[in-house]
Amino acid sequence: MRGGRKNLKRAVEEEFFTLQKGQSIMQVLDLRGSNIIQVRDAKGETSLAIFPAKFQKSMWIKTGNFVVVDDSGREEATESGRKVGCVVTQVLYYDQVRVLQKSPEWPEIFKSTAVESSKQDNTQSHNSQMDENEDSSDDDGLPPLEANTNRLNPFQGESETESDSETDS
């Protein structure tokens, strides 16, 4: 979709889309900084892709996510010696990935990685929940928290004045 940021939300809300000529699905391997990411294609080859500025502050990616990349100039870039050969056109979210996994457009190499990553996410969340339960019952031998002496507690101030007035009477 063209038009900059105003159409980004509309593109994200679309659950099903088709890949156009020159586009392919790639997995994010590494975030290099300065809007440069390392991606792996369906053949297992890695390359650098640019994450356009129009996605800043509206879409976030992390290692293992899937993106749609325009790699039409990829061969030309490698021949001329440029390092960046692809441009990210869309970030695929969980629902979109689930729909695409069932379609024939989804690369075979990513079928096992998508299942493994979702299993890892589930086990990590389960482990973190168990850790939180353990942390709540155990103090880990730490001393109790001390009161903040830099701030007056309004309840203490009232109780002191009440006790003073009772002793004065």
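Every residue number used here counts from 1 along the chain in the order it is shown.
Note: Cβ is positioned from N, Cα and C throughout, glycine not excepted.
Features of the protein shown, as given by TrEMBL:
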- 7-84: domain 'S1-like' (DOMAIN)
- 114-130: compositional bias 'Polar residues' (COMPBIAS)
- 114-169: region 'Disordered' (REGION)
- 131-141: compositional bias 'Acidic residues' (COMPBIAS)
- 159-169: compositional bias 'Acidic residues' (COMPBIAS)
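Under DSSP, residues within the domain 'S1-like' (7-84) fall into helix, strand and coil as 17 helix, 27 strand, 34 coil.
For the domain 'S1-like' (7-84), the model gives a mean pLDDT of 86.
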